[in-house]
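Quick look at what Swiss-Prot lists:
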COMPBIAS  342-358  compositional bias 'Basic residues'
COMPBIAS  433-445  compositional bias 'Polar residues'
COMPBIAS  565-583  compositional bias 'Polar residues'
DOMAIN    1-93  domain 'BRCT 1'
DOMAIN    646-736  domain 'BRCT 2'
DOMAIN    757-839  domain 'BRCT 3'
MOD_RES   S278  phosphoserine
MOD_RES   S286  phosphoserine
MOD_RES   S295  phosphoserine
MOD_RES   S332  phosphoserine
MOD_RES   T334  phosphothreonine
REGION    340-375  region 'Disordered'
REGION    417-445  region 'Disordered'
REGION    481-507  region 'Disordered'
REGION    562-593  region 'Disordered'
Amino acid sequence: MAAPILKDVVAYVEVWSSNGTENYSKTFTTQLVDMGAKVSKTFNKQVTHVIFKDGYQSTWDKAQKRGVKLVSVLWVEKCRTAGAHIDESLFPAANTNEHLPSLIKKKRKCMQPKDFNFKTPENDKRFQKKFEKMANELQRQKTSLDGDVPILLFESNGSLTYSPIIKINSSHHSAMEKRLQEMKEKRENLSPTSSQMIQQSHDNPSNSLCEAPLNISHDTLCSDESIAGLHSSFDDLCGYSGCGNQERKLGGSINDTKSAMCVSSLVLKTNHIHSSPSFAHLDKSSPQKFLSNLSKEEINLPRNIVGKIVTPDQKQAAGTSQETFEEKYRLSPTFSSTKGHLLIHSRPRSSSVKRKRVSYGFHSPPKEKCKRKRSIRRSIMPRLQLCSSEGSRQHMAGPALEALSCAESSYDDYFSPDNLKERNSENLPPESQLPSSPAQFSCRSLSKKERTSMFEMSDFSCIGKKTRTVDMTSFTAKTISSPQKTANGEGRATLSGVTSEESSAPEETLRCCRQAGPQQKEGACPEGNGFSYTIEDPALPKGHDGDLTPLEGILEEVKEAVGLKSTQDKGTTSKISNSSEGEASSEHEPRSVVDCNVERSAEEKENLLGGYSGSVKNRPTRHDVLDGSCDSFKDLIKPHEELKKSGKGKKPTRTLVMTSMPSEKQNIVIQVVDKLKGFSIAPDVCETTTHVLSGKPLRTLNVLLGIARGCWVLSYDWVLWSLESGHWISEESFELSNHFPAAPLCRRECHLSAGPYRGTLFADQPVMFVSPASSPPVAKLCELVHLCGGRVSQVPRQASIVIGPYSGKKKATVKYLSEKWVLDSITQHKVCASENYLLPQ
């Protein structure tokens with residue numbers, strides 16, 4: 001530090017750049033402090049010196065009014081170099097804006113970043129309030145938990161009892177208190193977010209409420225009568241979102257995969273519960289209480305395993321068993337709360353390699369993609385049935401696993417060969433067993449005669465109308481139906497994707513084409529080799545392909561593999577069937593048979609559930625399907641097959657190039673091209689370019705290349721007027737012929753040429769050599785010369801004209817011309833006089 005030569009000086013520094021955007025006060029403040037002066041951040045009465053440069057007019061006026069010494073930055077520098085207090089009158093400050101009118105007050109804005117001050121409760125009032133609010137909330141929670149909290153409990157006989165005292169282990173709150181204490185000590189600016197609490201619960205399981213023990217008897221937890229289907233969560237007690245709670249449960253369960261039962265480490269404890277509630281009595285005595293405890297959101301939109309809302313369509317795509325997921329992670333217990341009454345659901349792990357699945361129908365929850373007005377009733381009733389513990393329903397040889405859960409489903413190993421037999425044994429919920437829709441589609445358990453009678457009972461009146469999702473068996477409660485064995489032992493399976501209630505007939509037609517008949521109709525085929533499908537109205541616009549959303553995950557691959565083969569066979573076989581309809585009418589019923597039996601390789605058979613061969617049959621209930629639909633169906637499918645193979649539509653052959661255009665206009669052009677179609681955007685002019693759009697009439701390389709190739713050189717207004725008209729309008733009135741006279745001439749020559757267009761501008765000129773140091777680049781300049789009919793040599797000794805600066809030995813017989821000669825000649829569409837473009841020798 002220098003000697004305190006300015007110890008009596010109290011300075012106020014205001015030094016700005018001349019344009020008022022940069023504040024340089026800090027540099028001079030440091031120098032003044034080093035010399036012993038005091039620097040004030042505000043202009044107060046103690047200030048004796050003002051270091052001023054291009055500052056505020058108000059500061060200047062205030063300094064003059066108070067008689068404070070106004071000095072320039074040179075005074076500070078002179079004091080520093082001289083090491084003494086220099087006379088202030090030698091370096092007076094200047095105010096350049098003093099005599100200018102101050103009508104427009106320019107706002108000063110410093111572009112330098114501000115110093116970052118770390119927020120603590122001491123220097124930030126908002127953080128202090130938040131800190132105090134958290135502390136008060138913690139104190140209130142501790143007070144309410146330490147006191148006597150009366151609660152209502154269900155006794156084993158189903159009656160309500162009043163428990164005067166219940167104390168819950170407050171490990172969660174002690175963790176919060178510990179966190180606040182750490183914040184007080186360290187003065188951290190972090191609040192305990194949910195992610196931190198989740199991490200804390202993973203590190204120390206005893207500090208998480210989800211692992212806080214609640215004394216429900218081990219017999220209730222491990223018995224076969226334990227319930228699994230009430231999708232409530234700990235949100236009412238814990239305060240966490242469903243997502244955080246599910247993540248915490250998942251983390252806890254993965255750590256305990258080695259143990260046979262992870263329930264024992266996750267038992268929630270209460271001090272004064274004398275007997276475990278009987279879930280059978282809850283089902284019998286108080287079903288209304290269970291209904292009231294299930295929220296509407298929970299009924300209609302159940303959560304999946306990571307806490308997000310699962311819509312019915314998403315459940316269809318991912319609708320395989322919960323057991324698959326929970327077997328994988330060794331069964332994390334499912335927690336439920338019904339107004340203070342806590343339930344823990346658990347299932348014992350099966351000892352066998354294959355999972356044992358419940359084969360009675362009432363345990364399988366229906367899929368919610370059936371009728372929407374029944375969605376609430378259908379989603380509640382199976383959950384109530386899950387609470388039943390009657391002994392007559394327990395027919396399990398070993399430790400039985402509970403039924404599937406619609407809300408917490410996964411399809412991790414649904415296609416595993418171990419699960420094929422288990423999926424065959426799955427039955428359907430009793431609600432869906434209606435007279436018009438036979439519920440069981442197991443072809444092995446029904447004779448051919450029985451299947452024929454069931455088929456005759458089926459109602460085909462809905463064919464051709466606006467289709468609803470069929471009530472039959474809730475589409476076997478799976479997106480992919482279980483493989484059905486036929487009489488001859490040949491395995492057949494079908495995709496049963498479901499369309500929404502509002503799907504129109506054309507959309508369903510296309511779905512039927514691409515997904516091998518996704519709309520299952522009621523009844524089984526009399527031949528017993530698959531299911532019956534409906535082919536809807538084939539009058540479908542061809543541009544409808546992009547409206548379909550494929551299924552998720554593994555189902556997407558299966559759908560594409562089966563759907564593509566199905567569409568190909570459907571077109572060909574339908575045509576054959578239509579041509580031979582007269583011959584076959586005496587032997588068979590008149591029907592449009594579309595056989596989708598496709599040979600698969602051994603590897604594909606394994607991937608597609610042991611061989612995906614489906615039979616799609618259509619009953620002749622609509623004569624428009626019979627009369628002329630086969631040929632139109634074939635024509636309809638062809639473009640979709642091509643789109644399926646290529647993955648996207650065919651690109652336009654014409655390209656459009658933009659030049660001298662700001663990004664805002666470029667974005668508008670791109671949007672208009674996307675809307676009106678017919679063009680693709682290219683960065684540079686190429687063989688396919690037909691239009692060059694110029695935002696300003698500047699001679700750019702793209703404009704010159706567009707002229708040389710005979711393209712339209714248009715103004716930006718052409719795009720705007722085309723957008724106004726809704727289609728591409730005529731280009732003549734928007735051509736930039738005034739600025740580029742050669743453009744319309746070359747364009748007409750291009751239109752009149754039979755083959756690929758090549759100009760004749762430089763056809764009569766001798767061989768040229770383009771210098772490597774030329775500007776524009778050599779490649780572009782050579783391309784321009786070549787497009788205009790000129791000949792370009794790679795070596796200078798063969799050329800009679802050298803374009804661009806040339807540093808080698810010059811010959812008297814060779815013309816050394818500037819690059820502008822080529823550019824001006826192309827622009828004017830005539831060879832300019834070379835004398836005006838000669839380079840100095």
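Each residue, glycine too, has its Cβ placed from N, Cα and C.
DSSP labels the residues of the domain 'BRCT 3' (757-839) in these numbers: 27 helix, 12 strand, 44 coil.
Helix, strand and coil counts from DSSP across the domain 'BRCT 2' (646-736) read 35 helix, 19 strand, 37 coil. The helix, strand and coil residue counts that DSSP assigns across the domain 'BRCT 1' (1-93) are 33 helix, 19 strand, 41 coil.
Taken together, the residues of the domain 'BRCT 3' (757-839) have an average pLDDT of 90.
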